[in-house]
């Protein structure tokens, strides 16, 4: 492989800036909504607030980072253009060079949109299992229903990968959480876990498994990133919706 790490923004720059701006009101409500982390992580309140805020910040900052998992040859070749520089009296001058490259499918996993939220979700599920089995079961229900809905709404887009409307996973998980959860302290973990895992399993894994043959044999060159472009919005917004629910219910 030429590159194990690929830097590519998973969402439009406008939305990326919007998500950065959302961190401002998030920091204002952090003391009231991240108190649950004192229970789930065994932290004092100040550390819990910091960890809760950093989850969102790191997910956003590492969202352009994709780790290549595998490459599939799609067959044939395509014309591409690469930029390089020549130096004239020490001044770099850009030159665009046509290059013939093999058509291939790159499968990657997004750090901010998959690895970080997946790690947090698994840990929260583990803590729910230990602390309250009923809410652990509720989180599984939220995951299953969000997975089904995300799969139904997801689509394979030639050249872009798998996409699902950004509001579908967080809205679904939030609604299920409202129906199943009475104690505010469990709102954020269940809504977050349901939205994150439901989106990753339904849109990325199940839909990708079904459509991978088409990408390789029909659609041609594509960059497929689990938790990246097409699904990152739904995953990130799941956390925002979880916080919004907590603000309403607390």
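Any Cβ shown, glycine's included, is placed from N, Cα and C.
Annotated in TrEMBL:
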TRANSMEM  16-40  transmembrane segment
TRANSMEM  47-65  transmembrane segment
TRANSMEM  85-102  transmembrane segment
TRANSMEM  109-129  transmembrane segment
TRANSMEM  135-153  transmembrane segment
TRANSMEM  160-180  transmembrane segment
TRANSMEM  186-206  transmembrane segment
TRANSMEM  218-249  transmembrane segment
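If you look at the transmembrane segment (109-129) against the transmembrane segment (186-206), you find at least three C-beta pairs under 8 angstroms, all six or more positions apart, and that counts as contact. Comparing 135-153, 160-180, 186-206, 218-249 for CB pairs under 8 angstroms to the transmembrane segment (47-65), the maximum falls on 218-249.
Across 135-153, 186-206, 218-249, stretch 218-249 shows the highest tally of CB pairs under 8 A with the transmembrane segment (160-180). Counting residues 6+ beyond its ends, the transmembrane segment (186-206) has Cβ neighbours under 8 Å at 33-34, 36, 40, 114, 117-118, 120-121, 124-125, 127-128, 132, 135, 138-139, 142-154, 162-164, 169-170, 172-174, 176-177, 180, 226-227, 230-231, 234-235, 237-239, 241-243, 245-246, 249 in the same chain.
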